[in-house]
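K.L.:
Found this in TrEMBL, in case it helps:
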- 1-40: signal peptide (SIGNAL)
- 72-91: transmembrane segment (TRANSMEM)
- 84-535: domain 'Cation/H+ exchanger transmembrane' (DOMAIN)
- 103-120: transmembrane segment (TRANSMEM)
- 182-199: transmembrane segment (TRANSMEM)
- 211-233: transmembrane segment (TRANSMEM)
- 253-271: transmembrane segment (TRANSMEM)
- 283-305: transmembrane segment (TRANSMEM)
- 325-351: transmembrane segment (TRANSMEM)
- 363-396: transmembrane segment (TRANSMEM)
- 416-436: transmembrane segment (TRANSMEM)
- 443-462: transmembrane segment (TRANSMEM)
- 482-499: transmembrane segment (TRANSMEM)
- 511-536: transmembrane segment (TRANSMEM)
- 585-603: compositional bias 'Polar residues' (COMPBIAS)
- 585-624: region 'Disordered' (REGION)
- 605-622: compositional bias 'Basic and acidic residues' (COMPBIAS)
Amino acid sequence: MEPGGGDLVRFGQGRAAQVLPTRLLLLPLLLGRGLRVVAAASSSGAAAEDSSAMEELATEKEAEESHRQDSVSLLTFILLLTLTILTIWLFKHRRVRFLHETGLAMIYGLIVGVILRYGTPATSGHDKSLSCTQEDRAFSTLLVNVSGKFFEYTLKGEISPGKINSVEQNDMLRKVTFDPEVFFNILLPPIIFHAGYSLKKRHFFRNLGSILAYAFLGTAVSCFIIGNLMYGVVKLMKMVGQLTDKFYYTDCLFFGAIISATDPVTVLAIFNELHADVDLYALLFGESVLNDAVAIVLSSSIVAYQPAGLNTHAFDAAAFFKSVGIFLGIFSGSFTMGAVTGVVTALVTKFTKLHCFPLLETALFFLMSWSTFLLAEACGFTGVVAVLFCGITQAHYTYNNLSVESRGRTKQLFEVLHFLAENFIFSYMGLALFTFQKHVFSPIFIIGAFVAIFLGRAAHIYPLSFFLNLGRRHKIGWNFQHMMMFSGLRGAMAFALAIRDTASYARQMMFTTTLLIVFFTVWIVGGGTTPMLSWLNIRVGVDPDQDPPPNNDSFQVLQGNQEPLREEDSDFILTEGDLTLTYGDSTVTANGSSGSHTASMSLEGSRRTKSSSEEVLERDLGMGDQKVSSWGTRLVFPLEDNA
């Protein structure tokens, strides 16, 4: 220790604890052989009572200021979400589809990040560096003795020697930089659970074999292709002198694993709005849901790869098969835990009378579902896999045991949580581009990553589709394959995996590149979804409860800027078969056959050209002398558009 700097005392080996409000800011740094501590310590005067009172007052003021900054940072994100929601409403009202809500959230996050980065003054400083060269590693928690008073500090991460003087001086920027565990333990569970709970089981299980092939084999192929291509890029960077620190082959494979997690949220939202082909929707949705789980387990297995001997990054067959065993063990254990939790919840709701108390029933359902994630993480498994299969099990079994009120509540609850959490993450992505302090921008690595993910996606989709078509009754057409290739967006899962560990130079470069890839795919690829549907002649306006017909004659195909069925027309759509509409005291039935272009109205089994019931119906709908026309297999009552 430097003279007068106080003593450093090691305190525990566990996880980082909460930082106590003090006058010091301590960052343990691993430099050379020992541990260096950056701190600012106030001069210790005489131990008089008035000095002690002044110090307590200063500490209280700092605590109040910290609380105020915490409130401002949370308020910033709430205002971002509020602005995003209002803009989403405007876009939906104007039928704008070139930019999804997640892209909007990222844009607003970028704007706020620029303001915080360049528009707020520095509010803190570091006066002096304290060195401790007797230790050979960093500790998670330290006790510092300053003039007889002990202060507790936690490890924030390593800082390279060249960046010691550029440690962030702005307290506000530090406040808006969240702990990565917040994303995993709070924001990811509702997103993943909602994906499983809202699964359309019929179409999912009808395409289950293809979905599993894309999710498991496809993700593994994509991971290794991207990893090997990026290793070549790293070698190129080393040759041209653009690599300033270590970047191993296992780091490249890890990047391949995290960037293989697709999240076509923009594409799927447009598919859902336009009622695109149900098989294509099921393939894309199922792959994106399962490959998130595969990617996180695969990345954990790569991290666990530890060859014997001095070279810990060389290939070792024993270590490789051990990693494969870890992958299978973690995935199967997480799957079992999620399914068991779902079955237990189903049994509890079935053999108790909780349905008499819908509030308690909903609360229990929510807690059991969320606890699945935390239980799996606590047991060393993967919470993402567990909560996904818990959601699927809950939808298949528990949902049928719930009361009518609880069914609606649970659907809406997780839908709202999913919406808020997802948009919060995308807002934070935009913010992190300017507020994150460990960015490593490498043009060669970034360009190489874009090329690698394109080739990895192509090697993933086309060969697997060829082999799958050999055994499928409904073939995956070339237009479907091109759309799946186009829809390989990256999103929340890739970002969460990248930000979870940014301690080393290689991980910081991966995080920066992942952030830019998410920006590009959400804005550019997501915005081109509607034109791509038109160009590939993919069916829209498909009833999700109908089986696909042998041809596309009964469905609409977007041509150019053709406007599909509007949302406000949906209340006047009659699906195939006999339906009954009641307006006041009048009841009218409509019967239309598939592919027909005329409609007949019948009342009490008799056909009348102009009955009193039809007159009432026309008067209530404001139709006048307009005709009743059919569109595809559904009847549409067209209205005048006064907008």
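Glycine is no exception: its Cβ is also placed from the backbone N, Cα and C atoms.
Any TrEMBL annotation is an automated prediction that lacks curation.
Distances, neighbours, how buried they are, the whole picture for these features please.
P.N.:
Note on the transmembrane segment (182-199): residues 285, 288-289, 292, 369-370, 373-374, 377, 383-384, 387-392, 394-395, 399, 410-411, 414-415, 417-418, 421-422, 424-425, 492-493, 495-496, 499-500 of its chain, located 6 or more positions outside it, place their CB under 8 angstroms from a CB of the stretch.
Packing against the transmembrane segment (253-271) from elsewhere in the chain are residues 97, 100-103, 219, 222-228, 230, 280-281, 284-285, 287-288, 291-292, 295-296, 298-299, 302-303, 422, 449, 452-453, 456, 487-494, 497-498, 510, 513-514, 517, 522, 525-527, 529-530, 533: each is 6 or more residues past its ends and has a CB under 8 Å from a CB in it.
Sequence-distant neighbours of the transmembrane segment (325-351) (same chain, 6+ residues past either end, Cβ-Cβ under 8 Å): 293-294, 297-298, 300-301, 304, 361, 364-365, 368-369, 371-372, 375-376, 379-394, 396-398, 401-402.
Within its own chain, the transmembrane segment (363-396) is flanked in space by residues 184-185, 188-190, 192-199, 201, 289-290, 292-293, 296-297, 300, 330-331, 333-335, 337-339, 341-346, 348-349, 354, 402, 406, 410, 413-414, 493, which lie at least six positions past its ends and keep a Cβ under 8 Å from the stretch.
Long-range contacts of the transmembrane segment (482-499) within the same chain: residues 102, 180, 183-184, 187-188, 191, 257-259, 261-267, 280, 283-284, 287, 292, 295-296, 299, 384, 422, 425-426, 429, 432, 453, 457-458, 461-462, 465, 507, 510-511, 514-515, 517-518, 521-522, 525-526, 528-529, 532-533, 536, 538, each at least 6 residues beyond the stretch ends and with a Cβ under 8 Å from a Cβ of the stretch.
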